[in-house]
Amino acid sequence: MEEGGRDKAPVQPQQSPAAAPGGTDEKPSGKERRDAGDKDKEQELSEEDKQLQDELEMLVERLGEKDTSLYRPALEELRRQIRSSTTSMTSVPKPLKFLRPHYGKLKEIYENMAPGENKRFAADIISVLAMTMSGERECLKYRLVGSQEELASWGHEYVRHLAGEVAKEWQELDDAEKVQREPLLTLVKEIVPYNMAHNAEHEACDLLMEIEQVDMLEKDIDENAYAKVCLYLTSCVNYVPEPENSALLRCALGVFRKFSRFPEALRLALMLNDMELVEDIFTSCKDVVVQKQMAFMLGRHGVFLELSEDVEEYEDLTEIMSNVQLNSNFLALARELDIMEPKVPDDIYKTHLENNRFGGSGSQVDSARMNLASSFVNGFVNAAFGQDKLLTDDGNKWLYKNKDHGMLSAAASLGMILLWDVDGGLTQIDKYLYSSEDYIKSGALLACGIVNSGVRNECDPALALLSDYVLHNSNTMRLGSIFGLGLAYAGSNREDVLTLLLPVMGDSKSSMEVAGVTALACGMIAVGSCNGDVTSTILQTIMEKSETELKDTYARWLPLGLGLNHLGKGEAIEAILAALEVVSEPFRSFANTLVDVCAYAGSGNVLKVQQLLHICSEHFDSKEKEEDKDKKEKKDKDKKEAPADMGAHQGVAVLGIALIAMGEEIGAEMALRTFGHLLRYGEPTLRRAVPLALALISVSNPRLNILDTLSKFSHDADPEVSYNSIFAMGMVGSGTNNARLAAMLRQLAQYHAKDPNNLFMVRLAQGLTHLGKGTLTLCPYHSDRQLMSQVAVAGLLTVLVSFLDVRNIILGKSHYVLYGLVAAMQPRMLVTFDEELRPLPVSVRVGQAVDVVGQAGKPKTITGFQTHTTPVLLAHGERAELATEEFLPVTPILEGFVILRKNPNYDL
């Protein structure tokens, strides 16, 4: 047989025209071809390979002969050869390689065969061969006419190839062609279970996403695969457009519920921002311990569910959701870390380390501006610790070292020190409510609001204390009480509080500042809820204001209130944008841009970012035309109405890029590059906004490249760029105690020792860096960076939008707006409890989180870990896992408050 085979070998090239489309090379002619061919083959093919090749060729020949009785054994043998070739992952299996030139001939043979079993059998073999030919989806074509035997028998590579062709074919068929889609669906129903069983869950998901049939996943998933599938689906969410992203989340949520993983399902319902679903998941869970864990998660996210009183352990659940214990748990952590000792601003400034010939930057005369800075620093550093050395002992002495509005902020800082401690805190603030100074009184009102931030209390002390002052004759009193209510009820969407506040906007006595703060407070309370009353009242206020009033710098808070009301709501803002069309420029584009970016906050929406970049690059033509006009006139205009500059909305667009991209790593990286360009080549309005955008994209995450950029621009020629850069450094490092940043800020303090405004910013940044002595964070993302807290984003935006006009707002009289940051303050700790909610110290490994999406097996989720005993602090990008098998966590993400259960199999 071998002889015969060898004689026939030269015949092979004559079939090449048929196989040519598959990519065989052109051959030289006649005799040289035979000689060259023989030589090459001698070198290339080992004896075994040669035998295999000849055998395969003979089988193909047989199929071409007239004797049909030989077909079946020949096909059987071909199939055996193809299957038994153990494939190395890097090269094409030998039988497929040798059969490739005969592909065309096999197709001809197939066409000429009589219908029946053999013909279908041949189709199977051609389908497998088609993998090696880059052609017209023939792998799929022949599969569909083949014998329909099990996919698995042909191996993984074949299944993967087929899946790709199914997806392409599906997209070319219209919805109308349902009949043609049927056989494809049948194939998909074979492919998906195969992938699930062979560690290729992500390929199954990809296929179903391509053909938009994600719901089919649920029935094929088993206990072992669901976690991986859901992880893959949720990590795809950032990369698919509306409405597919919510379809993926809902699919993953369905899978979690199928396996009774309630905490994970709840997390996805919060991502979807679907409150009915949240309530449904919470109430359908019958395990009280898991319900308590979910209550902790809701409390952290700032969501409160009104439970019916007959729910088991109603009081406990309500208390957990209300964050009543937040303060005592936080103080327990502080005691554990031994950081209860109150700090004074000088401990933070470390003026003794400055080698200054004229004494340190802090040793100049007591100026009101520096005392104000110290009030903020003192508040930030001792936030939530309940004691300090300036205010809690004998506060009056310190308060009177401040002037006017400074007193307001100084008094309010007491609220920050007593943060979350509703019962103990209000009694300490109470005495200042009787002060003869309106500013101190107003500050004390704001402090009452701050103390209640993020904590619910059924007695509603904040509402009771502050409601009388909302329409007070003095606008100063209004400011403190309204902003206080905004912070105390942020995210609650409480109708009673809103009905109290909304009339203030239209009140004739309200200054523009009060109207602005009211819009802000209402936006914070109704954050992300699309509340109709808030929308209509703010829109009405904007319509009623004259053009000059809208040029007031505080007018920017009106559209911000609108934006916060629609935070993350996407297309729901079309009507508002249409309503704003009647407002005159430049306020219109400012308001439009601001509402638009809020609606897509954290969505990672690429198209929106592109629109914003267009806005950023708009200004150049108009600038050149303006330059011919009288420059002096332009200067006067700048002085009078800086915020009404035509480019004001560009600053918002820059912030918007950060706001949209911050939810997702790749988008954030791309935004960083863009900001680099804007800083170098942008207009002044743009450059002032870039540091703020950098702060937003990296809150409480002191990345060196961002710090270096900010450090460079903290010496910028444009003072507003340098103010914003310095403050941004504080936000980027907030609550981290980052030593490198602290050193940078000390150098800046020396550099700006003679410039009170810059020094004020440096002090603020120093206070933020040591926020809560390094135990708090301002980052709006939690639960492994999956969930964005809308209340936190509202707080950050309030501050950053105000910084767009830093000179008139923050360095002017409205520095109290910095307390917006309170809404974003959260302890960055991990505390473990047993089922009775008693603290339970266990050892945990804390390390850098590793992305394990789509990896096979059970890869490690953290790297470079250290083992600690809870309670512990978690830095940005760190993840914790239990280091003992004695307990099992009720939720897979160890962050915040976690309940542990005894592992029933531990003693075995």
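Each Cβ is built from the backbone N, Cα and C atoms, and glycine gets one as well.
When Tyr194, Tyr439, Tyr751 are compared in Swiss-Prot, the phosphotyrosine annotation sits on Tyr194. Swiss-Prot records phosphoserine for one of Ser363, Ser546, Ser714, namely Ser363. Long-range Cβ neighbours of Ser147 (phosphoserine) (same chain, at least 6 residues apart, Cβ-Cβ under 8 Å): Glu117, Arg120, Phe121, Ala123, Asp124. Remote same-chain residues near the repeat 'PC 1' (409-442) are listed as 323-324, 326-327, 330, 371-372, 375-376, 378-380, 382-388, 391-392, 395, 398-399, 402, 448-455, 457, 461, 465, 469, 474, 476-477, 479-481, 815-816, 818-819, 822, 825 (criterion: CB distance under 8 Å, separation of at least six residues from the stretch ends). Across the repeat 'PC 1' (409-442), DSSP classifies residues as 27 helix, 0 strand, 7 coil. Here the repeat 'PC 5' (560-589) is broken down by DSSP into helix, strand and coil counts: 20 helix, 0 strand, 10 coil.
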